[in-house]
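Chemist: Pasting a structure here, questions to come.
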Amino acid sequence: MPHFKFYYFDVRGRGEAIRLLFHLADEKFDDERFGMEQWGVLKSEMPLGQVPVLEIDGVKISQTTAIARYLGHQFHRAGTNAVDCARLDMIAEVIQEFMSSSGMGKFSRVLLGMIQANKEQFFKENVLPDVEKYAPIVEKFLLENGNNGLLLGDRETWVDVFAAESFSKLIDYGSPDALDAYPHILALINRVFNHPNIKKYVSQRKATPA
């Protein structure tokens with residue numbers, strides 16, 4: 001197995017799904033967390049001048065979905081054929097689009113105080129409209145897979161983890177009832193976060209502001 005080193009801020013943000021994939025697979029990695037001051041030094045060392053970044057035996061890979069997809073294949077948490085892999089990529093693109101949408105894309109910066117706004121009001125006025133646009137799409141994919149709490153097949157894939165982490169932040173940082181209208185997404189979150197390996201990690205994970 002390669003030596004993995006993962007670079008991201010000391011928050012969940014866009015990096016937590018990557019950490020969860022390592023814990024799901026029970027694979028060791030160096031979890032390099034840092035603040036803004038240290039980031040000023042590290043930035044020039046990153047391929048695109050941004051994080052998350054995964055270093056694999058000295059080779060750095062950037063972009064959340066590229067890293068998650070690689071780990072999905074590395075840990076046998078991807079599709080078993082080309083069509084299934086393409087379907088997972090399709091769903092991942094929807095999740096990534098949601099995370100980069102006008103409201104959700106700014107919400108972490110609001111939580112961290114980088115954008116001055118009332119958190120509750122911003123969530124209601126800017127994030128919930130994004131949820132109403134994208135959550136029904138993911139809900140449909142989950143229902144089409146047989147209502148087993150997964151997006152494809154009967155075993156957690158990298159996209160299940162990516163989606164569960166992305167949507168769970170709506171409840172953890174936004175509103176407890178943010179996903180009440182989407183029972184299949186709630187079932188996905190419940191299934192992923194109750195996997196023994198992930199459950200153990202989350203039980204020991206420190207709270208972060210975003």
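If you go along the chain as it appears here, the first residue is 1 and each next one adds 1.
Note: Cβ is positioned from N, Cα and C throughout, glycine not excepted.
What Swiss-Prot records for TYR8, TRP39, LYS43, GLY49, GLN50, VAL51, GLN63, THR64 is glutathione binding site. Positions annotated as domain 'GST N-terminal' by Swiss-Prot: 2-79. Look at Swiss-Prot and you will find 81-210 tagged as domain 'GST C-terminal'.
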Chemist: Would you pick out, from the binding-site residues GLN50, GLN63, THR64, the residue whose Cβ has the largest number of other Cβ atoms within 10 Å?
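Modeler: The residue with the densest Cβ neighbourhood is THR64.
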Chemist: Which of the three DSSP-derived classes (helix, strand, coil) applies to GLN63 (glutathione binding site)?
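Modeler: Going by the DSSP assignment, GLN63 (glutathione binding site) belongs to neither helix nor strand, so it counts as coil.
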Chemist: Hey, of the binding-site residues listed (TYR8, TRP39), which one tops the CB count within 10 A?
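Modeler: Within the set of binding-site residues, the most crowded position is TYR8.
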Chemist: How many other Cβ atoms sit within 10 Å of the Cβ of VAL51 (glutathione binding site)?
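Modeler: A 10 Å sphere around the Cβ of VAL51 (glutathione binding site) contains 22 other Cβ atoms.
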Chemist: Sort the residues of the domain 'GST C-terminal' (81-210) into helix, strand and coil with DSSP and give the three counts.
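Modeler: Result for the domain 'GST C-terminal' (81-210), in helix, strand, coil order: 89 helix, 0 strand, 41 coil.
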Chemist: Could you give the number of helix, strand and coil residues in the domain 'GST N-terminal' (2-79) as assigned by DSSP?
Modeler: 31 helix, 19 strand, 28 coil
Chemist: Just checking a number: largest C-alpha distance across TYR8, TRP39, LYS43, GLY49, GLN50, VAL51, GLN63, THR64 for the glutathione site, rounded to a whole Å.
Modeler: 18
Chemist: Count the Cβ atoms, other than its own, that fall within 10 Å of the Cβ of GLY49 (glutathione binding site), considering every protein chain shown.
Modeler: 11
Chemist: Including all protein chains displayed, how many Cβ atoms other than that of LYS43 (glutathione binding site) lie within 10 Å of its Cβ?
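Modeler: LYS43 (glutathione binding site) is surrounded by 12 other Cβ atoms within 10 Å.
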Chemist: Considering every residue in the domain 'GST N-terminal' (2-79), what is the mean pLDDT value?
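Modeler: Mean pLDDT across the domain 'GST N-terminal' (2-79) comes out at 98.
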